[in-house]
Every structure is written in C-alpha cells, then in structure tokens.
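Only one structure is covered here, and it is reproduced in the block below.
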Amino acid sequence: MWYIHVAIMIWVGFGFLMTFLHRYSLGAVSLNFLASCVVTLEAVFLVGAFYYMDNHDPGSRFTVSLDIPLLIEGLFAAGAGMITFGAVLGKVSPSQLLLLMVLEVPFYAVNDYYLIGKAFTARDVGGSMAIHTFGAYFGLAATLFLSKKGTGSTHAQNKSNYTSDVTSMIGTIFLWIFWPSFNAAIALPPDGRFTAVINTVVSLTGACMVTFLMSAIVDGKFNMVHVQNATLAGGVAIGSSADLVGAGPGGALAIGIVAGILSVVGFKYVSPLLEKSIGLMDTCGVHNLHGMPGLLGGVAAAAILMVDDDMAGCGHQLLALLVTFGIAIGGGALSGFLVSLVDRLDTEAAVNYAFNDEGAFHVEV
C-alpha cells in the first residue's frame, strides 16, 4: 500500500501538477514519467549498493536485495528529481533532463544515506531536508546555468490557461490526499506511522486553509498558482518532524499555517525579486513550495527536539540541514554546468524551444 501511494504521488501527482503550462503539458507529464523511471532505477541500485557495503559478510557476492522499503527509497529519489525538474521545466531538452537526473542521484544518495542518515542521524522521515530542500536547491542552482535570457516569467508561452490549470489541480489533489502516506511510508510501524499520518493531515489542512486566505489578501481573488502549490506546503514542512510525538496536532497545525503563508509570500514577492536581482528563473516555483518550506521543516524538527531537551539531536538536525543545502547548491551548480554543454542552443533558438511541446513531441492540432 505504501509503495503504491508514493508511486501515485510521483507519476500522477507531480506529473499533472506540472501540466499548468498550456503548451508544455505533454512534456511535463511524459518526461516526468520517463525521468522518474530512470531516477528510481538508478537510486535503487545505488542505495542498494550502500546497504550491501554496510551490511554484507566479508567475501560475499555483491547483491542488491530488492524489497519494498528499497523501492520506496527509489521513489523518494525520484521525488527529489521531479522537484529539480520543476525548476528547469520547459527550458531543457529531454537529453539534458535525463543527464541532469542521472547526475543528481549520486549527490542525493550520499547526502540522504550517509550524511543525514548515518553521520548526523537526523530526523527526516518525510524528507523535508533530503527530498524537498535538496531537490529544490539542486534545481535552482542548475537552472542558473540552463536558463537562457528570455526564458523567464515574461516568455509568451510561460503561462497557463483554464484547461491547464484544471489538469494541474488534478495533480495537486492527488498529492494532497496521498501526502500522509509519503511522510509515513518509512516511519516505524505502528506508532510512528500513525503519528506521521495524523501530523501530516493536520499540517496539510492548515496550509490549505491559510493559502486561500493569503491568496485573497495579496491578490484580491484566489490565484491558482497559490492554490495549486502553497496548499501542499504543509506536507513539505511537517516532513522532518512528522513522526515526532512532540510535534503534536497543535504544532503540526502551526507548521502547516506558517508553511502556507511562507509559500504564498514566496510566489507573490520572493520569486519576482530573485528573477529580477540574480536572474533566477524558477518555472514551477519550487523555491516556494519545496525550498523554503523544506528549510522550515528542518528548523521545526530541530526546535521540537530542543523543547524535548535533546540538544544534541537539535544540533545534528541543524547541521544536517546546512550540509544538505550546501551539497544541493554545489552539486546542482556543477551538474547544471555540465548539462549546459549538451544540446547547446543559441539564445534565439532556446527562446523558441522553451515551454513548447513541439520541440520534442508530435503534437496533434
């Protein structure tokens, strides 16, 4: 059940969430399909190899023991990859996307397995740090190298229409429904999973309610970009502390509310500021849905551990968050630079190719 729920989030949730671009809906859902398969398979092999190296008997034959938890770990890596995809959506060719995904997995696996999991023993059952923070900032660093001038928010095709907003909402609803399973999938049964599900549901509910309120406040009416994305920020932010009893329903609700507010403010004010100041062109706004709420999630877990008088755990949590941020930025920048050397287009061709399915797909008129 847990594998199926997480798989639905990856292939249906993320895939349809990114169909908001009215001329790039086929590319969004199809390349999400392909890239997630590649990342899942690579991550299963790589993380499985890590398990083997840590647990094998001397002289034993190298094997990757396939089981449901390892498959779920592969899907988590795909989640980080699809968050990265969101930052470069519509601006890279299929070959560039696949190369970027292949390069990302080793950085992800080393950070998640060896650093967060073993070196710091940090709390991150739902991946606020390992999946969301890492995937977002890896993608943001990469997009600085992969975005040509003119492929930002002012591009003629970088927009939605009524139909694409509806299909994107399908992704939002699937993600919102199944997010409790995502955060509880690797929690210790039964108590850890029960706690993770309860905390995630409460956090998501808080984020949803405050998103509609904040959207109306900052835009006068409900903005579908906010509704499609910020309503999910509670699931991101509660990830690190989802299975902590110390969070409690009240804490989970507070985390969800703060995450929803942070996400709406990010879409309204932070994204335009970053694009104008440093040329950061973030197609899906992953900084607002995954980056900042992911950072919030890591800090929230540290605060809960501190309240529980676990100062060592609090310190490890914050250190894991900082290291994750650094590896994501460094790995994303290096990978983005390398990928930029593949399928190179001049600025005019890149602008014409951007946000349009016809560059890679046969499109029926």
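Note: Cβ is positioned from N, Cα and C throughout, glycine not excepted.
TrEMBL labels come from automatic prediction, so no person has curated them.
Per TrEMBL, the range carrying the annotation transmembrane segment out of 92-109, 290-307 is 290-307.
When the stretches 6-24, 31-53, 128-146, 166-188, 319-342 are ranked by Cβ pairs under 8 Å to the transmembrane segment (290-307), first place goes to 128-146.
Contact count against the transmembrane segment (128-146) (Cβ pairs under 8 Å) is highest for 319-342, out of 6-24, 166-188, 319-342.
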